[in-house]
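What follows is a single structure, written as structure tokens, with notes after it.
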Amino acid sequence: MEQFRNIGIIGRLGSSQVLDTVRRLKKFLLARHLHVILEDTIAEVLPGHGLQTSSRKLLGEVCDMVIVVGGDGSLLGAARALARHNIPVLGINRGSLGFLTDIRPDELEVKVAEVLDGHYLVENRFLLQAEVRRHAEAIGQGDALNDVVLHPGKSTRMIEFEIYIDGQFVCSQKADGLIVATPTGSTAYALSAGGPIMHPKLDAIVIVPMYPHTLSGRPIVVDGNSELKIVVSKDMQIYPQVSCDGQNHFTCAPGDTITVSKKAQKLRLIHPLDHNYYEVCRTKLGWGSRLGGGGD
């Protein structure tokens, strides 16, 4: 197992609970004589911290591991910035769900100590890369750990588009939009739209239409190495948008092409040894417990 000596900390802004947890984490890491580096945005709201700071973009170059304090959204943002550095990322949950940030604040010291002592699991989560092209020229690019979404923006009209997989025409659709999700994102927006839950170890991508104008419009699971192409109808009178993990919005014009494929770099997500994906799903999604009151 790797030795972590230089630890980066990213925290969600706007929460006093996050700041309290960051202070606890900082104190704990310094007590173990580790080098702690704060992301510059969280450092600005921690006066007198006395630590080295770094931009998120460069944090992956100076750290052995980065700990994210916040919710899943905070980790999504960190993943897009850190995946290219192949650096392990650990999440402490200060959000509402915690599919990705799975360490509770009350167990911070115990679980982080286990990880630092080499007792942890590593999951490699792949990201998607999206590109919007107009007349063969790229007008927007973005990465996503969860999903790439084509949606109508402020318009209430449906979008008409064609779907191609690996150069082969699949279908045309008229829908409120389209979600292209990773296994990580299968428990996010795609799940709300009726998509399947995919285990994070699967090498697959799910395509989920949003309120399609046909009963046969159903989610499709394809090979993770597939290249997807979505062509917006030239007859559209609205300008739909493409978003990556709810960020990096690009406005499309009729006739634009959106290409989505797997990104070469992956996120190295760290979990404590007792991490159980099905327990996380059962807890977060309200699945039933064992029959007969047997607990977990």
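Just so you know, glycine gets a Cβ as well, placed from its N, Cα and C.
Annotated NAD(+) binding site per Swiss-Prot: D72, G73, N146, D147, R157, K174, D176, T187, A188, Y189, A190, L191, S192, Q247, in sequence order, evidence recorded as sequence analysis. The annotation active site, proton acceptor is assigned in Swiss-Prot to D72.
A simple way to gauge crowding: the CB of S192 (NAD(+) binding site) has 11 other CB atoms within 10 angstroms, across all the protein chains here. Counting only same-chain residues six or more apart in sequence, the Cβ atoms lying under 8 angstroms from the Cβ of D176 (NAD(+) binding site) belong to H151, P152, M158, I159, M210, Y211. For the NAD(+) site, whose annotated binding residues are D72, G73, N146, D147, R157, K174, D176, T187, A188, Y189, A190, L191, S192, Q247, the maximal Cα to Cα separation is 31 Å. Within 10 Å of the C-beta of N146 (NAD(+) binding site) we count 28 further C-beta atoms, all protein chains included. The Cβ of R157 (NAD(+) binding site) lies under 8 Å from the Cβ of Q237, I238, each of which sits 6+ residues away along the same chain.
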